[in-house]
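Taken from TrEMBL, the feature signal peptide covers 1-24. Under the heading domain 'Peptidase A1', TrEMBL lists 84-400. Look at TrEMBL and you will find Asp102, Asp283 tagged as active site. Residues or ranges marked as disulfide bond by TrEMBL: Cys115-Cys119, Cys318-Cys358.
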Amino acid sequence: MMLKVTSTLLVLLIIVHLCEKSAGNDIFRISIHRAHRPSSNRTNSIVPTKIMANSQKSLSTDTKISLAASSVNENLTNELDIYFIGTISIGTPPQTFLIDFDTGSSDLWVPSSQCQSSCNGFNKYNSAESTTYVANGGNFSIGYGDGSSASGFLSVDVVTINGMAVKNQTFAECTYLVGMTGDINDGILGLAFPSLTSDGEKPFFYNMWSQGLIPQAIFSFYLNPDTNATSGGELIFGGADPSKYTGSITYISVSIEGYWEFPMANVSVGSTSISSSTYAIADTSTTLIVGPTAQVDPLNGAIGATYDSNSQLYTVDCHTRSLSSFPNITFTIGDIVFILTPLQYLWITGDQSTGYICYSVFSPSDSKDSNGNLFWILGDFFLYRYYSVFDIQNNRVGFATSISYDWMPTVDSSLFPT
């Protein structure tokens, strides 16, 4: 039986509002704000990682961590249904779309006016209404780890964000959508490397850089873990924001130019290493922290977590254990350690009336890169605590301690007895 939350659920939606570009330079600053929407009927995967159509570019299908094949109206995954959404326009005159910014894929796609399946409720691109449209005609297909997919054909037009026009941008007009009913975003704007595109087209950010619209081939994310805050964070095209992190940025070279993948020296539970000389990717569209089964299972065991077959997550006992009994989790990237404390890696759901359940945010999945290497996916629960910088010009990823590192959720007095 599926684990359900009996109360009416509100799904966390992070909406990106486009602000004016910073004075004195060409850095485009995008403020991320939080809002809620009613839960949909869609049964979401906990980890919405990508399964690309081309097997050479794909995550293993084992990355699909689905909660059920049955129809479930509300389940605990809705509370993890996080989007990073902003408004873009395509064409002349502009046609507006809500887009999910995703560092784990590279294509830009929106529904087409020619859509034949499951496109009701979405904004649709109509090439006949754009004077700058250019036909391409190439085929497009992409699938995601929750079983959803989109397919159609490629087109070319101008894509605009906050008055910044990226010309001759190849994107996909989708004529078939599967498993996306109830989604807020119309489409997805991928921010990974060109090798992940469906037809070798130049990704949006690469065009932005090559057309001289930004001073550096860098974009960066600040994600705010405080769900009650007015601002959910910030995305910057063209640089980083020093006011959103402390200390210096630790950079690590990209190992394979597909996902934002890099070597990770070690993962430790307390003082015990559970993984060495592994790989990781940073993915804004994955909520949890995902790793190889042979490494994540011992990690969850070391923090006292047990597998719950209903939710397909690991649960921990927060009612009889003190908070101090949980160890820190340490990721070593380069020669710098990045620490997650217990309240940063435990997800607490429920309330006094329904009862609290504590989940580990570490989920097993044997994803492999194009070289056959298993890798970790550092999703939002990591990125909440560490400001992330994506540097295409130097093929590197950077992390720094976020200004929200010390924010902790309010914990009910019935949990973590002293």
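The backbone N, Cα and C atoms fix where each Cβ goes, and this holds for glycine too.
Because TrEMBL annotations are produced automatically, they should be read as predictions rather than curated entries.
Note on Asp283 (active site): other Cβ atoms within 10 Å of its Cβ, all shown chains, come to 27. Cα to Cα, Cys318 (disulfide bond) and Asp102 (active site) are separated by 33 Å. Geometry remark: Cys358 (disulfide bond) versus Asp283 (active site), CA distance 24 Å. In this structure the C-alpha atoms belonging to Cys115 (disulfide bond) and Asp283 (active site) are separated by 29 Å. Asp102 (active site) sits 7 Å from Asp283 (active site), taking the CA atoms of both as reference points. Cβ contacts within 10 Å of Cys318 (disulfide bond), excluding its own Cβ and spanning all protein chains shown: 22. For Cys115 (disulfide bond), other Cβ atoms within 10 Å of its Cβ number 20. Annotation for Cys119 (disulfide bond): spatial neighbours Pro111, Ser112, Cys174, Leu177, criterion Cβ-Cβ under 8 Å with sequence separation of six or more. All protein chains included, Asp102 (active site) registers 24 other Cβ atoms within 10 Å of its own Cβ.
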